[in-house]
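K.L.:
One structure coming up, written as structure tokens, with questions to follow.
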Amino acid sequence: MKVAVLGAGAWGTALAAHLAVRHDTLLWARDAALVAELAVRRENARYLGGVALPPGLRYEADLATALSHAQADDALCVIAAPVAGLRALCRAMRDARRVPAHFVWVCKGFEADTRRLPHQMVAEELPDHASYGVLSGPSFAREVAQGLPVALTVASASAACRERTLAAFHHGAMRIYTGDDVVGVEVGGAVKNVLAIATGIADGLGLGLNARAALVTRGLAEMSRLGVALGGRAETFTGLTGLGDLILTATGDLSRNRSVGLQLAAGRSLDDILAALGHVAEGVRCARAVLSIARERGVDMPITEAVCAVLFDGVAPRDAVSGLLRRDAKAE
């Protein structure tokens with residue numbers, strides 16, 4: 001199978017490495033210097049240092065060439081750009097008249113200014129296309145690149161897209177599940193990043209494992225309430241893309257969003273944290289959108305409110321936790 005992966009960050013590189021073991025895989029990056037470096041070193045030192053890339057993986061800086069690689073009906077395109085770059089890539093595909101027959105995206109979050117989920121952006125930019133979906137689940141790029149076991153879900157309204165994605169990814173140590181609840185999968189992937197910041201704050205303050213368990217559990221309730229309000233199915237949030245992704249991102253030491261929370265608890269400013277991080281922390285990007293949508297829909301999300309208060313309103317992390325503890329008692 002021919003597969004094109006658009007985006008050579010950590011996640012795009014890891015997925016391309018997995019795909020190249022079995023398929024004719026092309027990894028596209030906008031930065032020609034990075035493409036040249038990848039071809040020579042067989043390693044993405046910028047985003048995934050120390051991981052040797054498969055000898056069969058090829059690299060490309062020209063987007064039209066990369067898209068042409070995935071045009072056939074038996075091919076697949078994987079968009080591994082962050083949420084902020086998804087719309088632009090869809091426009092580029094449309095303008096080049098090279099929209100792949102089947103494609104999936106792996107970004108998580110809401111578009112900051114429009115509050116759109118990824119599938120809404122895709123539908124707006126490519127209204128005549130139907131065979132697309134989202135691939136998501138509890139996964140750290142480095143572990144995937146190292147060939148460690150992982151389980152992901154592809155959600156799409158198109159059976160052809162689900163089948164093509166399954167055929168591409170389901171091999172080696174990667175297990176793929178399929179479904180059609182695109183909204184539920186995307187909401188889970190967005191909200192878990194915000195909740196991971198909360199868990200990082202609690203852990204950074206030394207509040208203990210009891211507090212962590214409470215935050216994860218009540219955070220899952222917030223995620224589910226919002227997802228159902230937006231049209232997702234409740235059962236999706238107890239699966240890989242809801243509870244599974246939340247547990248990993250909230251507790252795993254490779255989580256960028258958890259790291260933001262830990263550093264906020266240590267007294268560092270958000271600007272300094274993001275500058276030092278050097279990579280995307282989607283929980284920071286989409287926290288405002290999540291809270292805004294929740295308020296608009298009448299969905300109670302106190303943990304998300306507390307995170308936004310710390311990130312954007314200057315509330316001290318310990319004061320935000322105290323505010324949560326002072327909330328009125330209620331039935332679970």
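Glycine is treated like the rest: Cβ placed from N, Cα and C.
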K.L.:
Per Swiss-Prot, which of ASP128, ASP245 sits in the sn-glycerol 3-phosphate site along with LYS108, GLY137, SER139, LYS192, SER255, ARG256, ASN257?
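P.N.:
Checking ASP128, ASP245 against Swiss-Prot: the sn-glycerol 3-phosphate site match is ASP245.
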K.L.:
Least buried of the binding-site residues ARG30, LYS192, ARG256, going by other Cβ atoms within 10 Å?
P.N.:
ARG30
K.L.:
C-alpha of GLU282 (NADPH binding site) to C-alpha of ASN257 (sn-glycerol 3-phosphate binding site): distance in Å?
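P.N.:
So the alpha carbons of GLU282 (NADPH binding site) and ASN257 (sn-glycerol 3-phosphate binding site) sit roughly 7 Å from each other.
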K.L.:
In whole Å, how far does the CA atom of TRP11 (NADPH binding site) lie from that of SER139 (sn-glycerol 3-phosphate binding site)?
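P.N.:
Checking the Cα atoms of TRP11 (NADPH binding site) and SER139 (sn-glycerol 3-phosphate binding site) gives a distance of 9 Å.
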K.L.:
If I take the alpha carbons of LYS108 (NADPH binding site) and GLY137 (sn-glycerol 3-phosphate binding site), what is the distance between them in whole Å?
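P.N.:
For LYS108 (NADPH binding site) versus GLY137 (sn-glycerol 3-phosphate binding site), the Cα atoms are 10 Å apart.
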K.L.:
What residues, ordered by sequence, lie under 8 A Cβ-to-Cβ from ASN257 (sn-glycerol 3-phosphate binding site) and sit at least six positions away in the same chain?
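P.N.:
The answer is ASN193, VAL194, ALA196, ILE197, GLY200, THR249, ALA281, GLU282, GLY283, VAL284.
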